[in-house]
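Q: Quick one: the structure is below, and I'll ask about it shortly.
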Amino acid sequence: MRPTLSTTTLRRLQLPFTLRRNASTTASNPSIYDVVIVGGGPAGLSLASVLRSSAWTKPLKIALIEGMDLTPAREWKPTPDNFSNRVSSLTPGSVAFLQSTGAWDLVKQERVQSYKGMEVWDGVSGSAISFNTALGSTSDIAYMCENNNLTSGLLSHIESLGGIEIRDKTRVESITNGTDDGTLDLTSWPVVTLSSGEKMAARLLVGADGANSPVRTFAEIETRGWDYGRHGVVATLKLEGTGEGEKTAYQRFLPTGPIAMLPMPGPYATLVWSTTPQHAAALKALAPEDFVAAVNAGFRLSHVDVEYIVSNVTKGVVDEFAWREQNTAVDEKRVPAKAVSVQEKSVANFPLKMRHADSYIAERVALIGDAAHSVHPLAGQGLNQGIGDVRSLAKTVEYAVQHGQDIGAVLSLEPYFEEQYFKNHVLIGVVDKLHKLYGTTSAPVVAVRSLGLDAVNALDGLKKFIMDRAASR
Amino acid sequence: MSLHTLRPAVRQLRTLRAVRAHSTHGSSASFDPLEVSHFNALASEWWDPHGSSRLLHLMNPLRLQFLSSCLSKHGDATKNMKYLDVGCGGGILAESLARLKGTESVIGVDPTPEVLKIARGHMRQDPALQRRLRYVGATIDTLEKVLAEEGGRELKEGWEGERTMFDVVTTMEVVEHVPHPTRFLKECMQHVRPGGWVVGSTIARTWTSYLTTKLVAEDILGIVPKGTHDWNKYVNANELDSFFRGQDGWGGKHGEDIVFLGCAYIPGLGWKMVPGGEKVGNYFFGIRRNSE
């Protein structure tokens, strides 16, 4: 029996959301759905699109609920010199899956940037590791894709397939268990009441509703983890040069967190700088030209200089950087081209968290994406984990349909949990440890980790192994 | 590991009672009160994914795989299918059959009222099962009588003489409990239309099954009431094979439509089909009635 949520819990969640259990009266009978997906982000849309593209799961009655207006994503008409600051790194495995469903064809390919090389180095010792696909593999390490681009492609795909009932600009008001009317016993079915007044009874309710998942709260699934005390600062930058030819991703581990420059088409790149909340606020407050100089400092100056500039210089970072740069030796092959400008309004920051739900499933409930897990962005795995969840859950639902199982029963959902939980657990753990390992200037730790990086750099076999993991091959 | 080692006591009791009902033609009122109270305590677990029926639930997809492999042998149509599940228990198989795309109707038959109450209650939780699945309190011998009494001969168009006909008759984990397996199977077969199948599962009479179901489960662990299993009643695949081959109009010209396939529960991996396993423990069997 799930207890009623206390008001303090609700306040803490800060969601316009109420939970009522076994409501004794229902205004109207709910409509029956096989799958109700809460959340119209990349994970929820991918699930809807893959369930509609399989012959077995196509007959399922599916609804998708999204609080925001999806019209801008549907009518997305970007200009070639403007890129969103919300960009995800997709592994070849994720892209292959999206290709298999047909959704990838509807993503604007001219706005997707692949890269074949990766430069990673220790900001304290300078130890470096280069990855490139000359190590026996011809394919790309990853693909940088704006979330808008993916969302818009998925929406077009869903619309071309038809049959998914999308309710956008619609909030979930409450989730309760259904009732027994003497003929039909829906007491094990979640009934979702929407802000429109519509009620949906779900054979399977999928929480694709993000880190504060109301579906997870309804299912009383605990989530564990911690805040890193770090913020991710993102921005769209224009770099020196034309940006033609092979692209490389750059990541430098600074004691405050990694700074990464990820290639976008042409001379553009996207920045992900994980740092303290104070630094993040300071960076955000800088004038555009000073912000650009601070980013260049982040990749090129000593970690002590970076710390000094970001902590103390609020104006004139351009001059500060120019002066200090003269006294710093930089291997141009190992660092990204200098940023020359930052796209207007593209600087944003968000807190970094590690979270993992105790379970991804409950009776008639499955969680996917951020509702199940949040990971440090340093390995660019967040969305890939979500797509992994979608692939696994869709496969599990398909198997259940083939074998006449009730797709909402815990027994039918178990293979999904078993397949994804451990995989995600390992990845979350590795990324978490990497963050901690590099979050220090302690000399012995730096010596050992640098030795580690140098050794890894010398061993092509191990590097290939790491790259294959990074690319989910 | 054999299913019988871990199979739920609920089902043991149910099938035991089914056996008695079979042998005494419905005199099912003479249940041991101790067994009934034991059963009542366990009945609520039938659909509990972590309860005593878990292994049966996990085995269920294999039953459907085996069934589908039988049907695909002749490319038999799988549209508008009518199924009869004999010894349906709480409805684990019957519900799945009713959810399959090509199913028109499923009748689940079981003589134990308490078990059927569970089955009917659970069926109400799924709107997709309404009008496709129906439970009848009967044995295979009393089925026609009960159907007539309930006025439920909606399968009239399939009638052949005195019997309601089905595309497939299933009977899972039952034949090892009936006093006359061949007579029981003959009854089942009389409800199959030409080109249809009898599909079931049971357990071989081997030293392995003796050790796991009699010695360990009953005598040592006591997880199954003593005397639940009569090892001597276990049926070997070769025995079923020779019985099937003796049936005119069944199993194809040279027995090519008689199928056996072993299966086993492997801890950590779950249920797996094990070709040749029919000689050792749990196995599926299938026989097709020749098309006319």
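Each Cβ is built from the backbone N, Cα and C atoms, and glycine gets one as well.
Any TrEMBL annotation is an automated prediction that lacks curation.
Heads up, here are the entries from TrEMBL:
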BINDING   B:Arg63, B:Gly87, B:Asp110, B:Met172  S-adenosyl-L-methionine binding site
BINDING   B:Glu173, B:Glu176, B:His177  Mg(2+) binding site
Q: Rank aside, I only need the closest one: which of the binding-site residues B:Arg63, B:Gly87, B:Asp110 has its C-alpha nearest to that of B:Glu173 (Mg(2+) binding site)?
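A: Of the binding-site residues B:Arg63, B:Gly87, B:Asp110, B:Gly87 has its Cα closest to that of B:Glu173 (Mg(2+) binding site).
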Q: If you measure B:Gly87 (S-adenosyl-L-methionine binding site) to B:Glu176 (Mg(2+) binding site) at Cα, how many Å is it?
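A: B:Glu176 (Mg(2+) binding site) has its Cα 12 Å from the Cα of B:Gly87 (S-adenosyl-L-methionine binding site).
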Q: Does B:Arg63 (S-adenosyl-L-methionine binding site) have same-chain partners at least 6 apart in sequence with Cβ under 8 Å from its own Cβ, and which are they?
A: B:Leu93, B:Ser96, B:Thr170, B:Met172, B:Val199, B:Ser201, B:Phe284
Q: Express the distance between the Cα positions of B:Asp110 (S-adenosyl-L-methionine binding site) and B:Glu176 (Mg(2+) binding site) as a whole number of Å.
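A: B:Asp110 (S-adenosyl-L-methionine binding site) and B:Glu176 (Mg(2+) binding site) have their Cα atoms 16 Å apart.
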Q: Rank the binding-site residues B:Asp110, B:Glu173 by the number of other Cβ atoms within 10 Å of each Cβ and report the first-ranked residue.
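A: In terms of Cβ crowding, the pick is B:Asp110.
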Q: What is the number of other Cβ atoms found within 10 Å of the Cβ of B:His177 (Mg(2+) binding site)?
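A: Excluding its own Cβ, B:His177 (Mg(2+) binding site) sees 25 Cβ atoms within 10 Å.
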Q: Taking DSSP three-state, what's B:His177 (Mg(2+) binding site) in: helix, strand or coil?
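A: Assignment for B:His177 (Mg(2+) binding site) reads helix.
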